[in-house]
Amino acid sequence: MDVRQSIHSAHAKTLDTQQLRNEFLVEKVFVADEYTMVYSHIDRIIVGGIMPVAKTVSVGGEVGKQLGVSYFLERRELGVINIGGPGTITVDGQCFEIGHRDALYVGKGAQEVVFASVESSKPAKFYYNCAPAHMTYPTKKVTPADVSPVTLGDNLTSNRRTINKYFVPDVLETCQLSMGLTELDPGNLWNTMPCHTHERRMEVYFYFNMDEDACVFHMMGQPQETRHLVMHNEQAVISPSWSIHSGVGTKAYTFIWGMVGENQVFDDMDHVAVKDLR
């Protein structure tokens, strides 16, 4: 488990490129037949990936010890979105078939969660966010057909994109975790511009569906103290509440967003005009 401490905005603006990457970038999300796990002190979110290839993968008791509990989800809820080939997730003996871009919410208290791929030549890639939970909501599969896509932006401003809200109150109940997937139209490069912050929630972006020679310049920092991180395919970035989170790519891309914090009101955000950015 890679533990990331909270960081004050006044400290963050003094960091150089490598220091910013050390604090906020999750460089390697998927490793064959293993789980990766980054624990952030910011709202206690856990972020990572699971890619079963030659065997099944489960999160063992060693993580429970690190979290001070008996097992991983004793006091947590889990959200998973599969960006790879078809797979399965077995939760306490109940098997869910999770295809490409299908998702699974796993409620607090699930003791055994086992991840598998249907074909080792086309492994599933389970990206997950995990957050503290105060009560148990039912485990539920969510498919792209279950969400209501919302298209925003314009080709003229190179930010036409479709937002798919997987784990939001209109789709299913969670304690605090919200997740979704945003896909840019071909030829569009910007996400979340004009940008915003949200004082009451933190957020993690996971960029994927990118060519090897492509990158995203992810914008972060306070609106008047912006910085950037250069990100490549299948990398994630932690965004504190005080930070903007926007990006521009060399080509179109897709990203998964996950939020935890005070509320789940999607539009509860503090907008920042482009003219006010520095």
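From the backbone N, Cα and C atoms, a Cβ is placed for every residue, glycine too.
The annotation Zn(2+) binding site is assigned in Swiss-Prot to HIS196, HIS198, GLU203, HIS245 on the grounds of sequence analysis. Within 10 Å of the C-beta of GLU203 (Zn(2+) binding site) we count 24 further C-beta atoms, all protein chains included.
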Enumerate the residues of the same chain, HIS196, HIS198, GLU203, HIS245 excluded, that satisfy the criterion Cβ within 8 A of the mean position of the Cβ atoms of the recorded Zn(2+) site; list them in sequence order.
THR192, CYS195, THR197, ARG201, SER239, SER241, SER243, ILE244, MET259, MET269
